[in-house]
Amino acid sequence: MTPRPIRHQYEDLMRHVFEHGTAKGDRTGTGTKSVFGHQMRFDLSEGFPLVTTKKVHLKSIILELLWFLRGDSNVRWLQERGCTIWDEWARDDGSLGPVYGVQWRSWPTPDGGHIDQIQQVIDTLKTHPDSRRIIVSAWNVAELDRMALMPCHAFFQFYVAPSQVAGEPGKLSCQLYQRSADIFLGVPFNIASYALLTHMVAQQCDLQVGDFIWTGGDCHIYSNHFEQVRTQLARQPYAYPTLQIKRRPASIFDYAYEDFEVVGYEHHPAIKAPVAV
């Protein structure tokens, strides 16, 4: 068995922003070092891109993605499963307004209807895989003011590279545009979440996985994360683990937490840090 390569795109981004970022204010009043515009590419056939220089809480990543795919925008479902990552932004009744899941699954139309963007993606990949319009947007300008937190990971596109071998399935890649990227806390979640989504969509559409491309806008490290970043950058990364999906449900919306297993996740200890709200 060929050993998996050790990749460090994420750590390179962190180091670049930490060493060369511009001091910049922000909405939370915390202060940041920031760089505008960066891209990372992860070959999903090499392994599942779960950051190894600190332990990342995989359960929260999986549950949050399933919550998005439910079209849900109330934290109760997450809380019932022990996931509290959205609690800081929730209103008293648990609602967050029309955030990610609502836009993904039921984008409102002027005539009172709704568009299920995720179902459109699946349908188009199966019928027109060469389409350049296989896109999901969470950035609904008309509804931003009603959201507890405007979308940070705002827009993503799928792409199928046809196989050069007759009879083999094509390779599915996904590119995400993240307008606001909290490098220490948020970005490891976002990378793993969209890599997982790419695996799920590929399974549903009988495709192989290709690349996950992460494109960031305002890439920043909060000033109250500087010590944690120094700790993390002193560590050497390990090879990424692998992802196993244990069953193929009837649709993209029918996966359960128990369907996923990450194998061989070697990692350094977790590093705690405050969330900027």
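Just so you know, glycine gets a Cβ as well, placed from its N, Cα and C.
Taken straight from Swiss-Prot:
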type     : residues                                                                              : note
BINDING  : ARG27, ARG132, ARG133, ARG179, SER180, ALA181, ASP182, ASN190, HIS220, ILE221, TYR222 : dUMP binding site
BINDING  : HIS57, ASP182, ALA276                                                                 : (6R)-5,10-methylene-5,6,7,8-tetrahydrofolate binding site
ACT_SITE : CYS152                                                                                : active site, nucleophile
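When the CA atoms are compared, the binding-site residues lying within 10 A of CYS152 (active site, nucleophile) are SER180, ASP182, out of the candidates ARG27, HIS57, SER180, ASP182, TYR222. For HIS220 (dUMP binding site) paired with ALA276 ((6R)-5,10-methylene-5,6,7,8-tetrahydrofolate binding site), the C-alpha to C-alpha distance reads 12 Å. If you compare every pair of Cα atoms in ARG27, ARG132, ARG133, ARG179, SER180, ALA181, ASP182, ASN190, HIS220, ILE221, TYR222, the residues listed for dUMP, the longest distance is 36 angstrom. Neighbour count (other Cβ atoms within 10 Å of the Cβ, all protein chains): 14 for HIS57 ((6R)-5,10-methylene-5,6,7,8-tetrahydrofolate binding site). If you take the C-beta of SER180 (dUMP binding site) and look for same-chain residues 6 or more apart in sequence within under 8 angstroms, you find CYS152, GLY217, ASP218, HIS220.
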